[in-house]
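Enquirer: There's a structure below that I have some questions on.
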Amino acid sequence: MSAPAQNNAEVPTFKLVLVGDGGTGKTTFVKRHLTGEFEKKYIATIGVEVHPLSFYTNFGEIKFDVWDTAGQEKFGGLRDGYYINAQCAIIMFDVTSRITYKNVPNWHRDLVRVCENIPIVLCGNKVDVKERKVKAKTITFHRKKNLQYYDISAKSNYNFEKPFLWLARKLAGNPQLEFVASPALAPPEVQVDEQLMHQYQQEMDQATALPLPDEDDADL
């Protein structure tokens with residue numbers, strides 16, 4: 001990427017790669033941030049769109065250059081050029097599709113092969129859809145690999161900021177960091193059931209307290 005414009009020189013900027021199976025909602029998710037959508041750039045050589053997502057914290061502005069694959073993952077894995085120099089990542093799956101969760105270890109493997117020790121958030125998208133197939137008790141991969149996990153709903157903006165806040169705190173080495181202003185987000189296309197979201201959060205908290213199952217370890 002070209003050097004940032006002079007007025008952005010002071011803003012800490014981090015390359016964030018967004019990975020996961022096709023159709024899990026990665027592009028929908030990144031497009032929610034309207035400024036990033038307006039300022040995105042296409043890098044033809046590797047077929048990605050880079051969305052600069054700015055967030056304002058109690059310690060100043062922070063920017064994530066979010067690399068979105070433009071659907072290449074449908075044709076197999078991504079090239080190393082996509083991952084090189086990534087400083088953080090979001091792995092996304094669809095809670096209505098078990099196979100997308102089953103493929104998470106493959107995405108994680110490809111990512112850490114190139115990037116090694118970077119902070120990673122695992123996101124289960126589409127929690128607004130009533131027919132949830134991937135339940136809290138089966139979501140254990142993040143615990144085995146020391147990742148953060150959030151339920152999200154890109155279309156409703158539910159938990160949109162959570163992955164970015166967690167990554168910002170890790171990258172800044174500051175757990176006190178907070179977002180002080182919300183970015184302009186696209187209006188929700190769907191509404192989430194607040195009660196159901198609360199129930200999902202409780203189920204996730206309970207599942208996290210349970211010992212890890214060991215039957216999957218050989219695969220992961």
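Here the Cβ of each residue, glycine as well, is placed from N, Cα and C on the backbone.
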Enquirer: Tell me which of 40-48, 112-120, 184-192 corresponds to the region 'Switch-I' entry in Swiss-Prot.
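Expert: Of the candidate stretches, Swiss-Prot labels 40-48 as region 'Switch-I'.
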Enquirer: From the ranges 71-87, 122-138, grab the one Swiss-Prot calls region 'Switch-II'.
Expert: 71-87
Enquirer: Looking only at Cβ atoms, how many others are within 10 Å of the one on THR27 (GTP binding site)?
Expert: 17
Enquirer: Does ALA154 (GTP binding site) have same-chain partners at least 6 apart in sequence with Cβ under 8 Å from its own Cβ, and which are they?
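Expert: Expected: GLY25, THR28, PHE29, ARG32, ASN125, LYS126, PHE160.
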